[in-house]
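One structure is given below, encoded as structure tokens.
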Amino acid sequence: MLENYSNLVFLGLAFSKPYLVTFLEQSSEPWSVKKKAVAASHPGSKPHKCKECGKAFDRNSVLIQHQRIHTGERPYACEECGKSFNYSSSLKQHQRIHTGEKPYKCEVCGKAFSCSSYLGKHQRIHTGEKRYRCEECGKPFTNCSGLVVHRRVHTGEKPYKCEECGKAFSVRTTLSKHQIIHTGEKPYKCEECGKTFNVHSTLSKHQRIHTGEKPYKCEECGMAFNVRCILSKHQRIHTGEKPYKCKDCDKAFNCSSSLHQHQQIHRGEKLYKCDDCDQAFSCSSYLYKHRRIHSGMKPYKCKECGKAFYCSVNLIYHQRIHTGEKPYKCDECGKAFSICSTFMKHQRIHSGEKPYKCKECDKAFNNCYNLIQHQRIHTGEKPYKCKDCGKAFNYTSSLAQHERIHTGEKPYKCEECGKAFNSSSNLKHHWRLHTGEKPYKCEQCGKAFKNCSGFTRHYRTHISENSD
């Protein structure tokens, strides 16, 4: 060992003897340690380059970790559930799901987190700090990772590829969620209702349905949300921002899901098929919601009136009947709406835009849903069946309205006289008795009617007169 030490001194790699002995006893190479120390003395230097993608790193250990993205290697496995990870820190963080450990606590609101980075991101909700800004569009972000992911909207980069089907994603977590489609694994269970999820974050979001928690508040109008991404989408109503642009027709959208859904119009792609009725969908979440029609499962219940719904967004919209909330206002005519999609459809009345065209008869529509419903005229499809009498319908809304005949439910009440109705359209027609409104006018004789059926009956008198 003394001879080795003399050789190192001769080479100019001088260490204190106790320091050197420790490294030699651990079978470490002291000259490698010295090299690391030299590299550290030159900050900004990135000598370790990835052969696969060209990305450079300041340390070889970081390069090795990075290369696992390309190789798919995950050497750190969880003993509890078998899930594997490419970093030991990721495994340690994952294990807290099983232990329930949340050592990082917010001093402002007391909320606890399993990971320090989650706490850091959360604290920016309280401070409102957005230190990272996109050079392309100027959008600010509370954390660097959010900016990195956002930049891919502009570049179109999708570095995370599924080995099973070849589909590529811009975010690693989205790839992880997608891969579970192939395995069918749903390890995260809600203790309240027993529903299982393939991602822990989805479980956390779901649990807010039971607790009613809405931690994400809009500073512009005070509206609160249970999911951060829904707040982000909502804020674009105020800013008018539409960062997601279609490459085929240049149409822009305020959220990526709307762009993705729109792009399927150009591709005609419907990958997800229902085993019960062969109906196909452009994304897995639509299929998942659709299956509840067959199973009859309605997990989302209104605390006000007890009415249950297939999906959470329908519950949110329904609750606005009780609150009277209409957060979406048209700048053109001042009309307000409780649902964003209805607001967007309404705006097309002013613009005259009808982007959804039927291939069968060339009829155009101002929204995708109306096109889908219209196409059932050509196909004769009636996928929505009443469990009580077997009658089938081509619209879910028609089925829901029909079911009220059996239940006797009349949720739409007239504020003027208290009379209740089983559909909003019937309430609307009734309301005209109080207002005296007659929107259906005959061009032949000028006579006006409060409903379409009355106008149609009247119009036939002119047709019979002309035929005589």
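Counting starts with 1 at the first residue shown.
Glycine residues also receive a Cβ, built from the backbone N, Cα and C atoms like all the rest.
No curator has checked TrEMBL annotations; they are predicted automatically.
Summarising the annotation, TrEMBL assigns domain 'C2H2-type' to 76-103, 104-131, 132-159, 160-187, 188-215, 216-243, 244-271, 300-327, 328-355, 356-383, 384-411, 412-439 (among others).
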For the domain 'C2H2-type' (300-327), find every same-chain residue at least 6 residues outside the stretch whose CB is under 8 Å from a CB in it, and list them.
209, 212, 221, 223, 234, 237, 289, 292-293, 336-339, 409, 411-412
Under an 8 Å Cβ to Cβ limit, what residues of the same chain, 6 or more beyond the ends of the domain 'C2H2-type' (328-355), are close to it?
237, 251, 265, 317, 320-321, 364-367, 369
Using a Cβ cut-off under 8 Å, which residues of the same chain at least 6 positions beyond either end of the domain 'C2H2-type' (76-103) come close to it?
65, 68-69, 112-115, 187-188, 200
Determine which residues of the chain contact the domain 'C2H2-type' (216-243) at the Cβ level, with the cut-off under 8 Å and only residues 6 or more beyond its ends counted.
125, 128, 137, 139, 153, 205, 208-209, 252-255, 327-328, 340
If I take every residue in the domain 'C2H2-type' (356-383) and average their pLDDT values, what number comes out?
85
Contacting positions for the domain 'C2H2-type' (132-159) when only residues 6+ beyond its ends and CB under 8 Å are counted:
53, 69, 120-121, 124-125, 168-171, 241, 243-244, 256
How many helix, strand and coil residues does the domain 'C2H2-type' (384-411) contain under DSSP?
12 helix, 4 strand, 12 coil
